[in-house]
Amino acid sequence: MTALKLSNVCKSFGKTEVLRNIDLEVDEGEFVVFVGPSGCGKSTLLRVIAGLEDATEGSVEIGGEMVNQVPPAKRGIAMVFQSYALYPHLTVEGNMALGLKQEGQPRAVIEERVAKASHMLSLEDYLKRRPSELSGGQRQRVAIGRAIVREPKLFLFDEPLSNLDAALRMKTRIEIASLHKALDASMIYVTHDQTEAMTLADKIVVLRDGAVEQIGAPMELYNNPANRFVAGFLGAPSMNFLPAETLGGAAGHTIGIRPENLRIAEDGQISGTVAHVERLGGDTHLLVRTPAGDEVTVRIFGQSQIQRDAEVTLAYDPAEAYVFDADGARV
Amino acid sequence: MNKARRNPLNTAAAHLILLTYTVIALFPVFVILINSFKTRKAIFREPLALPSAETFSTIGYETVFKQGDFFLYFQNSMIVTVCSLFFILLFGAMAAFALAEYRFRGNTLMGLYLALGIMIPIRIGTVAILEMMVATGLVNTLLALILVYTAQGLPLAVFILSEFMKQVSDDLKNAGRIDGLSEYTIFFRLVLPLVRPAMATVAVFNMIPIWNDLWFPLILAPAEATKTLTLGSQVFIGQFVTDWNAVLSALSMAILPVLILYVIFSRQLIRGITSGAVK
């Protein structure tokens, strides 16, 4: 069964079009990530699904029911916000229970679900505390707990990790992944971080300027991007783009090569000077400037002794390169 | 303050300035208080002297309690001030919430219209207001004063509160909507507590002019039963003779309730229970 179906969803604020003709289906139990640069409309799309914004056009179906006219609380969704958005006047327990109380659930059910969720998130010791007495990571767990207790048909996450520091972000990312497994729930997750998208998603939706660029499994998008934007957005360091003419291709076309597919070789097709070296221990990143002024990133596994200003030639396998036409579409 | 950044000279200078200001601000109050406990002659002989055994007298307070219904005036002032503040804060906050939260046609225009009153003194409309009050039969009622003061206070309240409400996290309100809270619950339970410092500011700004006002009580409610404290004290000020003991005593007592209200509101100004809602 489909957990969510969007058909031709459009949204505009006055004359500004924010979302254009979005079609999307999310299967039950699927983890879908909306990813894109800031201002691409991914958060607005999430808010349309949540019912916090009305779609200007198109329909939103959750669990097979059309919900365009249904208020957020009755859509069977739960949302986790970037800023946690905990109720400052309520305890952790009160924060988690409020939604259920509003639904008119009996007290026994509320207590049982809060107990279950707080056990799952190891929040048992904090139930009587107020949000101001918790650390950032604990607050985020309470926010997730508040979503879990409602047992929604669809979880919505709006950049939930961007207020956490790097170490905690990774930990919480793994927690969310295992939570998805444990609950077997449908989840939609908005982020601008491609690492989060790649690691969490069953299906990634890449958005740009309010339109869907490509939908697919993470590795499918990585290995087979539909256009230059998707190719450049996924993968870190991002893909190198060179004018095809310099490499013997058609005029106007662009050749894209992933940094890990380039290697230093005597008979390489690309020559240039090393402009910068980043040594990460496990990897070494070289920034090579070609005589034509293009910059190419090379990812070398392990530690390389290469120095700045060294002259190098780079080789790549044409089978691993991507060709894009002048409009950015894949050839 | 950080110890490294604390310069004793600066600290002393800051304290000196603050203390000087405090003395200047409190001096008139002090003079009123000491003189209210002196005999009439002593007031004129040495206005700045403290009451001594010879000059001490409570004649002023006695006159106040004997003449006129001082407690009634007091009660009237209290009712008018508290009710006006309540309505200013309630309606001001509601209008501010609507302006800050909802996107609708003419939002900005409506905001400007509601704030226009800041620039137009309400006293210009006194004649029209009086005519209206006569027509509606509200002359010589406390309600007339409450209505006028509410109107007078609303523009600034809407202006200040809508700025503050715009700063309340959208996520928090949306979380409430997803949990099924009504817009009213979101307003009263989530937003109002977070703008409490702004509400206290608005309350303090409005409270003192209302409490001290002589103009509207004199015009709209001069009857004995509806006299406010300021108006009631005027009986002691005559064209030829002024009973200074009584005036000073009445003023001393009039300071007290404003002081209490101010302490209540300023505690709200300081109290910060808002942390932890959003990062």
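From the backbone N, Cα and C atoms, a Cβ is placed for every residue, glycine too.
Residues 47-51, 248, 251-252, 255 of the same chain, all 6+ positions outside the transmembrane segment (B:12-34), place their C-beta atoms under 8 angstroms from a C-beta of that stretch. The annotation transmembrane segment is assigned in TrEMBL to B:12-34 (among others).
Annotated domain 'ABC transmembrane type-1' per TrEMBL: B:74-265, in sequence order.
Annotation source TrEMBL lists transmembrane segment at B:78-100 (among others).
Away from its own ends, the transmembrane segment (B:112-130) comes close to residues 95, 99, 139, 148, 151-152, 154-156, 158-159, 215-216, 219-220 of its chain (Cβ-Cβ under 8 Å, at least six residues beyond either end). Positions annotated as transmembrane segment by TrEMBL: B:112-130 (among others).
The transmembrane segment feature in TrEMBL is assigned to B:142-165 (among others).
The annotation transmembrane segment is assigned in TrEMBL to B:186-208 (among others). Long-range contacts of the transmembrane segment (B:186-208) within its own chain (CB-CB distance under 8 A, at least 6 residues past either end) are made by residues 81, 84-85, 88-89, 92-94, 97, 149, 153, 156-157, 160-161, 163-165, 168, 172-173, 176-177, 258, 261-262, 265-266, 268-269, 271-274, 277.
As annotated by TrEMBL, transmembrane segment applies to B:246-265 (among others).
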- Message: Do any residues, 6 or more residues outside the transmembrane segment (B:142-165), come within under 8 Å Cβ-to-Cβ of it, and if so which ones?
- Response: 76, 79-80, 83-85, 87-89, 91-93, 95-97, 99-101, 111, 114-118, 122, 129, 133, 191, 195, 197-199, 201-202, 205-206, 210, 213, 216-217, 220-221, 226, 228
- Query: Short question: which residues 6 or more past the ends of the transmembrane segment (B:246-265) have a Cβ under 8 Å from it?
  - Reply: 29, 32-33, 35-36, 43, 58, 60-61, 63-64, 67, 70, 74, 77-78, 81, 200, 203-204, 207-208, 211, 229-230, 232-233, 236-237
